[in-house]
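Asks: Take a look at the following structure, please.
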Amino acid sequence: MEGKSKLGLLFFSLTAIFLSHSTALEHQTLVLNPLPNPPTLSWLESLSETVQPDPTTSTDPNTLSVQLHHLDALSLNKTPSQLFNLRLQRDAVRVKTLSFIAAAAASPNRTARGGRVPVRGFSSSVVSGLAQGSGEYFTRLGVGTPPKYVYMVLDTGSDVVWLQCAPCKRCYSQTDPVFDPRKSGTFSTIPCGSPLCRKLDSPGCKARKTCLYQVSYGDGSFTFGDFSTETLTFRGTKVGRVALGCGHDNEGLFVGAAGLLGLGRGKLSFPTQTGVRFNKKFSYCLVDRSASSKPSSVVFGDSAVSRTARFTPLLANPKLDTFYYVELIGISVGGTRVRGITASLFKLDPAGNGGVILDSGTSVTRLTRVAYNSLRDAFRAGTSGLKRAPEFSLFDTCFDLSGKSEVKVPTVVLHFRNADVSLPATNYLIPVDSSGSFCFAFAGTMGGLSIIGNIQQQGFRVVYDLASSRVGFAPRGCA
């Protein structure tokens with residue numbers, strides 16, 4: 001009997017050791033920073049009408065680098081909590097619109113090529129650019145000759161470049177004077193039958209001579225005007241003959257930027273138009289404003305490709321060429337693959353349904369509901385020692401971390417095809433108020449489209465190598 005009891009005790013001990021090792025989670029430390037204060041525009045305010053090339057950037061004509069700032073800098077007299085709540089409101093509009101675009105493109109009854117919905121008989125695209133400020137990052141660039149400097153939102157979720165133009169039939173309020181093409185020596189309208197005009201999904205014509213465009217938004221906002229070519233100047237570097245919309249009728253809930261620089265994959269996006277010069281390569285790094293004073297930036301050209309980036313192939317949606325689709329095959333929490341999260345949950349089918357896109361204008365990553373529930377449950381299990389807090393807005397997993405300076409949280413890794421992306425803790429547990437509440441920065445969606453948002457992209461240099469049809473992630477890429 002004594003031998004049996006010793007064997008039983010040994011078996012119990014080994015089982016306990018095995019279980020303790022098999023359930024041990026990988027953790028990392030989260031330093032708790034509050035909601036960031038509103039950013040300033042000091043770097044923009046110093047720019048005059050005669051901006052010179054930045055001596056700290058490359059003089060290579062085939063490389064272009066500019067600073068980016070968050071849209072919060074255009075929202076004056078707001079507290080950190082107000083700015084965060086406005087960001088979540090914009091985010092909801094953004095996700096709804098991107099999901100609508102994808103669903104419309106996949107619909108067998110779509111009313112226009114590429115899933116675009118005609119307005120006034122034609123439309124260049126349905127995007128989520130400036131409506132409700134859903135493009136989250138902007139830069140300052142010159143338009144025309146001599147260049148007139150304006151703020152432009154950069155958006156990976158749309159293609160057409162456009163800005164407000166005088167004379168205005170209707171123009172919303174913007175920070176700078178409205179661009180007047182009559183005072184530019186390089187502005188040129190585009191003939192109706194030209195190849196450029198035909199690249200619009202459903203172009204219009206003015207007096208059967210010049211090309212017209214219209215961009216419509218999910219909330220009813222739109223911009224309408226002349227499709228034209230013009231010179232753009234980025235911190236002294238000139239890019240000629242960029243096809244853009246010169247909007248004379250711009251209606252809706254817009255923010256103070258003058259227009260939008262489309263960075264999508266479509267035929268009329270800025271990266272596609274400038275592909276010969278910049279080799280169809282660009283990258284950006286978006287800083288965590290609560291932890292860094294460095295500016296965000298975007299680079300075009302071969303130097304945009306980081307040596308430390310891990311690449312995953314871009315997938316093609318035959319129904320929609322604008323979005324950047326990637327293959328997400330799993331997610332790990334605490335060093336262990338989450339059961340229930342498989343590649344099939346994110347599959348892009350031949351009809352254009354489902355899939356996962358990278359988007360600079362969405363803040364919070366959205367996952368299909370089944371995948372999100374599995375991820376959330378795994379994260380909750382790994383944070384059982386933290387004090388829970390009530391739900392906040394779209395976040396259903398929140399913690400009361402008041403009085404603490406740092407906490408240990410399980411690691412989170414996104415597994416893309418050929419690329420594992422290990423997220424810093426600040427990219428998935430974020431402050432949501434001024435009283436110490438932090439929430440898990442993912443959310444579920446009832447639609448088929450999953451979106452990797454900019455909170456999860458913070459601190460990485462995200463490389464879009466369209467020439468090789470791949471996208472890469474370089475950690476600590478904002479230096």
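Positions of Cβ are set from backbone N, Cα and C atoms, glycine also.
Any TrEMBL annotation is an automated prediction that lacks curation.
Annotation comment: TrEMBL describes 1-24 as signal peptide. Look at TrEMBL and you will find 137-474 tagged as domain 'Peptidase A1'. Marked as active site by TrEMBL: ASP155, ASP359.
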Asks: Whole-number answer please: how many Å between the C-alpha atoms of ASP155 (active site) and ASP359 (active site)?
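Replies: Just about 8 Å between their Cα atoms.
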Asks: Restricting to the same chain and to sequence separations of six or more, state which residues have a Cβ under 8 Å from that of ASP359 (active site).
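Replies: When sequence neighbours closer than 6 are ignored, ASP359 (active site) has ARG94, LEU98, THR156, GLY157, PHE323, TYR324, ILE451, ILE452, GLY453, ASN454 within Cβ distance under 8 Å.
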Asks: For the domain 'Peptidase A1' (137-474), report the average pLDDT of the model, please.
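Replies: Computed over the domain 'Peptidase A1' (137-474), the mean pLDDT is 94 on the 0 to 100 scale.
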